[in-house]
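Features of the protein shown, as given by TrEMBL:
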type     : residues : note
TRANSMEM : 6-27     : transmembrane segment
DOMAIN   : 20-285   : domain 'G-protein coupled receptors family 1 profile'
TRANSMEM : 39-61    : transmembrane segment
TRANSMEM : 81-106   : transmembrane segment
TRANSMEM : 127-152  : transmembrane segment
TRANSMEM : 172-199  : transmembrane segment
TRANSMEM : 230-255  : transmembrane segment
Amino acid sequence: MAFYLWDAVQCTYVLLSIIFNALFVIILRKYKKEFSGEFFNLCISQAVADFGQLFFGLFVFKLPCYGWYFDDLLLVYAKGWLPKVLMCIIWMFTTAQVIGMLNLAANRYTALAKPTDYSTIWGGNTVLYCILAHWLIPAIYVAPILFVGVHVERNNASDYVTFYFTDKTVENIYYGTVTAFAMILGNCTVLVLYCLAFYKALAYRRKISSSTSSTTAQTHTAANHTEVKLAVCGFSAFCMVFIYAILMLFTYIAMDNGNDQQATILQKIRGLLMDIYSSMNPITLFIMSSKVREKFGELLHLSKPMKTKSAVTEVSKSYATSPRHRNQSTPNLAMLSTSLNYLPSPANPSTRKLSEAYSRL
């Protein structure tokens with residue numbers, strides 16, 4: 001049984017990532033009032049794709065490839081239906097990850113580059129259409145795998161189990177399209193969207209700070225900062241898959257040059273980067289969002305639910321305990337209204353978006 005330290009560490013990381021991703025989806029669904037909005041709906045869909053890639057990647061490819069866990073069963077059905085179904089599933093989740101990454105990048109670009117049009121663009125059924133595309137396109141893409149030859153064999157030298165297409169033409173088509181559209185076109189599109197989004201966010205912050213009052217500028221800057229933090233979460237995951245694409249190119253070059261040792265090392269690093277990419281989105285949200293950390297603690301019973309007091313209660317309490325008004329039973333409503341003027345009004349669509357942005361993190 002060929003099971004090396006690198007493989008053991010990687011499998012342990014993947015197993016922990018599977019658990020973390022599952023908890024992340026549970027939190028977004030259980031506390032959907034706190035995590036409402038288009039971005040988090042897209043995050044749920046992407047988290048499912050990440051979970052599927054990690055789960056099937058571990059139990060269908062990694063562990064059997066390392067000579068452990070139902071590899072004999074795979075070899076019994078080496079030329080039957082089982083390898084086709086398993087390869088179909090893992091390719092679907094991998095393709096869905098790329099489309100989900102595009103969805104998140106488009107959402108963040110709109111929020112930062114076109115904040116006034118965000119509700120119009122992402123209102124209605126836009127999120128629903130994006131989620132349908134997230135899963136229908138991969139399903140259509142991988143369906144032909146069920147009708148072509150997929151074979152499994154054991155490498156007697158390493159004891160590893162390998163999946164491959166029996167028809168080289170089919171193999172070239174699938175790996176070629178993944179390389180061209182997912183790794184090159186998809187990555188370049190996402191990179192451009194994030195670069196434009198961060199540039200527009202910086203320009204917007206400078207414009208607000210120079211053209212409005214200090215109170216209004218602070219309000220808009222805080223909302224802009226929240227949107228930037230959400231964009232950083234998606235961009236950090238993209239960085240992993242971008243490096244993965246570069247290493248894939250170098251792996252192909254090493255294989256063409258007959259440098260098998262270098263190609264093997266690059267393949268192991270690529271596999272680790274893909275696993276990190278699949279777990280990066282919930283990890284970065286956990287690091288950057290205090291609300292996500294709070295809900296993780298509540299779900300695991302590591303912390304008590306935080307009770308938030310309304311702004312009206314806080315202002316009334318402050319007013320009642322002040323030396324000047326301590327003996328008055330009821331605060332002046334005009335003063336109370338004045339004290340709350342700085343808060344976004346839910347009735348105003350432009351300020352409602354700011355209020356929603358505050359509630360995300």
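Just so it is clear, glycine is given a Cβ too, placed from its N, Cα and C backbone atoms.
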Interface-richest range of 6-27, 127-152, 172-199, 230-255 toward the transmembrane segment (39-61), CB pairs under 8 Å: 6-27
Cβ-Cβ under 8 Å with the transmembrane segment (6-27): same-chain residues at least 6 beyond its ends: 35, 44, 47-48, 50-51, 54-55, 57-58, 62-63, 66, 268, 271-272, 275-276, 278-279, 282-283, 285-286, 292, 295-296, 299-300
